[in-house]
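Have a look at the structure below, then the notes.
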């Protein structure tokens, strides 16, 4: 019986060892990003490949937050009848997830944003319907309390974020009439508006503890949106990105990028954030090469990545998003966060001590658990996780962060637990991937780098080339002086040009490609009479002549004298006239009592539209046989007949 029991104990130990030492694929343990869709939570790795999904029993998920100290995710379901906020943890035995109710539903809540304080273990959330911000402890059944009430002032709280190190809560007020970004102490005191101008409708917000900055999304008017950043007090405001045709809700920040969910495209997008942690690329004195200089070849050019990247396509509408930040490793030496991290770690360690060793089997399991975490990682039985020391990562702390990180340099971990490269002489860049000689020397010049890091690299130029970058062709320059020497033999010639002039004279070649040198065109005599200049000159002369001709013709017509108008005056006297038998009232008109004067213009001054001064038919009949005196008589006689 003892042997059978001992065999069963050994078998059980082996089974447990297999479970502990085998990576739990398909579980949320290895994830780097978590995104809430409408009906599930999707876990993804660093390359945005889906590794697991959870919370399928819910219908309307929205916001979520992450407790990295205990590996718990808190999320909200808008349609659940009993609960409002739930927690998601990993089952150690079944290797899957378990969702539990954390905050009971008290009414028609509409959670807009979630945040968690790992020190006091409190949840904070915004209610867009009641226009208030609540908080409640995750353990126990305490009634949620109001931290901020915006209903009286017409505000609408949306995104919330906790500054764990400085003990403050930040939120966005998406009221379109008076949008703001505000903060308050976690105890409810010292409420402050930090952003109130040049903002339309702020949505999600996050506190980046690594850079001590705020990042938030602003849904601008029309189809535009922006991602903005500032210091924790609202100063040093920067626009990280401005684009259009997105409907972003929430965002997450890592060391080098910003990620946000977009409801329009059903995707997760990323954009580089401004690097705050400067990577040192200087050379360490004890690692310098003993030689005075080193030869380098130009590396291959590095292509730039698109700043706006669609990292994940989702099957449903994307809403909340969280990312791992390495809370323990990154902030252990931060002067604002070191004390908070220490207190949180002490609390987690106290919970781990509750798993006491009671038998030999437990001792064997304990040994296997300790062996699960590599590189002195600390095993957490409550969460089945390894807390890795600085410089290591992975589910078992098996990955060294400096491994293959620096291309031409030595890697060390910085005070903020990030890899930092000390570059070899002649290299630069965040990972020492760029050569200082890249593109420096021209025309086949050879780059030389001194061991003194303060001394700039130099170029060794081939024959007949000079300059700091071998950009000057000495043959082309000296050829100009050679031409001048033919006319002024006593002029000054730079050193070395005499021998080149002799070579050119022996070569008897005049086809020197002087215009090919980019700086010599200023020394050449410019060609004035080019074809374009001649064409413009001819066109200008012809146009000037035509203009002068038009002006002269206009002046002549303006000052040309008019033709004289010839006027003749005839005095007609009254004559005795007897009435004939054939006179009628129409033919026998009354005559003037005295006399009248008739002015007759010369017909040569009349045009065709004027009334002629005599009957043309009568003139035709008498033209051949009448003299000038008879014409006048006929004309006067007809005029007398026309008078009334």
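Cβ coordinates are placed from backbone N, Cα and C, and glycine is handled just like the others.
Residues or ranges marked as disulfide bond by Swiss-Prot on the basis of sequence analysis: 402-411, 406-421, 437-447, 441-459, 461-470. According to Swiss-Prot, the feature domain 'EGF-like 1' maps to 398-430. Look at Swiss-Prot and you will find 280-299 tagged as region 'Disordered'. Annotation comment: Swiss-Prot describes 121-166 as repeat 'LDL-receptor class B 1'. Residues or ranges marked as topological domain 'Extracellular' in Swiss-Prot: 27-531.
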How big is the gap, in Å, between the Cα of residue 437 (disulfide bond) and that of residue 459 (disulfide bond), rounded to a whole number?
9
Taking only same-chain residues 6+ apart in sequence, whose CB is under 8 Å from that of residue 406 (disulfide bond), what do you get?
419, 421, 422, 423, 431, 432
Other C-beta atoms that fall within 10 angstroms of the C-beta of residue 447 (disulfide bond):
24
By a simple count of other Cβ atoms within 10 Å, which of 402, 421, 437, 459, 461, the disulfide-bonded residues in the record, is least packed?
402
Among the disulfide-bonded residues 402, 441, 461, whose Cα is within 10 A of the Cα of residue 447 (disulfide bond)?
441, 461
Going by C-alpha distance, which of the disulfide-bonded residues 402, 411, 470 is nearest to residue 459 (disulfide bond)?
470
Neighbour-count leader, CB within 10 A, disulfide-bonded residues: 411, 441, 470:
441
Taking only C-alpha atoms and a 10 A limit, tell me which of 402, 411, 441 are near residue 470 (disulfide bond). These are the disulfide-bonded residues.
441
Could you check which of the disulfide-bonded residues (402, 411, 441) sits closest to residue 461 (disulfide bond), going Cα to Cα?
441
